[in-house]
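Copied over from Swiss-Prot:
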- 75-82, 176-180, 245-248: GTP binding site (BINDING)
- 65-338: domain 'Dynamin-type G' (DOMAIN)
- 570-658: domain 'GED' (DOMAIN)
- Met1: N-acetylmethionine (MOD_RES)
- 1-20: region 'Disordered' (REGION)
- 75-82: region 'G1 motif' (REGION)
- 176-179: region 'G3 motif' (REGION)
- 245-248: region 'G4 motif' (REGION)
- 277-280: region 'G5 motif' (REGION)
- 339-364: region 'Bundle signaling element (BSE)' (REGION)
- 364-531: region 'Middle domain' (REGION)
- 365-628: region 'Stalk' (REGION)
- 551-554: region 'Critical for lipid-binding' (REGION)
Amino acid sequence: MVNSKGKITDSDPGSSHLLLNGLADKAGKNQDTEPENSLCSQYEEKVRPCIDLIDSLRALGVEQDLALPAIAVIGDQSSGKSSVLEALSGVALPRGSGIVTRCPLVLKLKKLLNKDEWRGKVSYQDFEMEISDPSEVEVEINKAQNAIAGEGQGISHELISLEVSSPHVPDLTLIDLPGITRVAVGNQPADIGHQTKKLIKKYILKQETINLVVVPCNVDIATTEALSMAQEVDPDGDRTIGILTKPDLVDRGTESKVVDVAQNLVCHLKKGYMIVKCRGQQDIQDQVTLTEALQKERDFFEDHPHFRVLLEEGRATVPCLADRLTSELITHICKTLPLLEKQIKENYEKITEELQKYGSDVPEEEHEKMFFLIEKINAFNHDITSLTEGEEFVGEDECRLFTKIRNEFHKWSLVIEKRFQQGYKAICKQIERFENRYRGRELPGFVNYKTFEIIIKQQIKELEEPAVYMLHTITDMVQAAFTDISEANFAEFFNLYRTTKSKIEDIKFELEKEAEKSIRLHFQMEQIVYCQDQVYQCALQRVREESDKEKDKKINSMCSKEVSSVNISLSDIFEHLLAYRQEATNRISSHIPLIIQYFILQVYGQKLQKDMLLLLHDKDTHNWLLKERSDTRDKRKLLKERLARLAQARRRLAKFPG
């Protein structure tokens, strides 16, 4: 707190960091006049729950599934990033040359509103350690980095969590990222620059992240890599805050340029800039405490002729920065909570659906395994029944198997129609050829039955191979559909899936052969020219009635040109051909699909279901059949863990007072 003399005291529980977000006025202005207990009550109700909620979700590992609101701290090497974090947290963090931050550090600062003593905790991997003295933090962070990234200069994406609880810290959670390096030095990997940028981009790309860019005042802001990276992912500066450091190192005469940058007049960011003066190396050597450094910082800005205006505007000092960041984080969390809740709900439903595909764990007891296998096979058989009866569930952009088969049957009817729809001229030539070859002692005008019979047999024979081709096409479709059902039900059980697939193939070859035999038998029978008298007479009558209507226009005129008085029987033969073809078409277009449906859908499905039930008889194979893929177990375990995380996250969001 700043006392009436402008001095910062250690004893005040409010610390040097002033609350914002409706709980206090901006730093540098007078404190609000509400009673302290009212302020604490509002603080407990609004500020801490927001940050605790996100911290708890991050601790659950929810960030593995979706992005959480966060403030990421980035900066070039030697930008003063560590000094800023030290000033905010009140603890010494690793310092030195080269890459000091080698793992992302989640810095959780928790303000204690009473006189409780300082306490800290470092967590990483499966390790957790309580810290009772702030001086131990730097050592423990270095140990953690060495354990994760190895001793040296390598970096890692794995998080280290540092929790600091004290009356003298703001309520804030920051993610400290490695400093940006351009050239590998010492034993650093050759691509250390690429590795570092890749790690930083992983965080700053997320729309849920506020980017805190640390830039020294004594460099050209346009040349800093950190700001360039932030602008690349946030070109409008909507979620970027600039932090200017080392104002005491600015060359004389360039102070006004720094003020212009801080006042957002040079490189515009919607969230603007803050400026701070942290402990330098000389201060550390002189053992200047962080509290003393805060007082020195305030004195520096109050006494500086150029930078004093920034203090008056609330843009300067670490306490102002702390309040600003707390306010930004709370606002950002409240803004993103509805979307976060929606994303968690959607992910929960998606993972639940995915987990159902992997089924439940295989029981350990033998009798339970028997029932488990029965359930799996019954579910498979039920899906086969639904498929063969045209009642299976399909997605919005898919169609049922029976619909696909019906389309093939429709194509078959078009093939028949096309083969039988020869033009009159072509038929006349064909009839004339057969008349010249087979006509006996009949007088002109008498129909030669042999000619009629040969033409009909030949036309029907030409349909046999297309019918067999249709059989093979539909058989492949049914086999693929059965295999898909097998995969959907048994994919996690390699042996059961392989056994089922083998049965599907074996039954397919067997029934396809029988169906082809029946189809060829049908076409052999079609070589017997036969039709019920009454049926044929009706068909012939219809053809002749149609013929009479167009006799003057087409048939007679064409016949008079195509045939002489010697071949006056052509029109009669043509009419008989049309009449018989109508009835043959009805038989073939219906009977061939019936054969295919019977063998390739009905019998195929029934035989497969029976063979699957027979697997239950051999108890010795149950363990073998239910042997899971190792990746299936791992995937199911992973999905269950994700589901548990998201379920806890949903419960915590539901309890959040909002």
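Each residue, glycine too, has its Cβ placed from N, Cα and C.
Predicted, not measured: the structure shown is a model, and the values here were computed from it.
Annotated features, which come from Swiss-Prot, shown on the structure.
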residue: Gly75; record: GTP binding site; Cβ neighbours (10 Å): 28
residue: Ser78; record: GTP binding site; Cβ neighbours (10 Å): 14
residue: Lys81; record: GTP binding site; Cβ neighbours (10 Å): 30
residue: Leu177; record: GTP binding site; Cβ neighbours (10 Å): 26
residue: Ile180; record: GTP binding site; Cβ neighbours (10 Å): 21
residue: Pro247; record: GTP binding site; Cβ neighbours (10 Å): 24
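Taking H, G and I as helix, E and B as strand and the rest as coil, DSSP gives the region 'Bundle signaling element (BSE)' (339-364) the counts 19 helix, 0 strand, 7 coil.
Sequence-distant contacts of the region 'Bundle signaling element (BSE)' (339-364), counting only residues of its own chain at least 6 positions beyond either end whose CB sits under 8 Å from a CB of the stretch, comprise 62, 65-66, 68-69, 208, 371-372, 376, 488, 491-492, 626, 628, 632, 635-636, 639-640, 642-643, 646-647, 649-650, 653.
Per-residue pLDDT, averaged along the region 'Critical for lipid-binding' (551-554), amounts to 53 for this model. Outside the region 'G3 motif' (176-179) by six or more residues, the chain places 72-79, 81, 85, 93, 99-105, 107, 155, 196, 199-200, 203 with a CB less than 8 A from a CB of the stretch. Here the region 'G1 motif' (75-82) is broken down by DSSP into helix, strand and coil counts: 2 helix, 2 strand, 4 coil.
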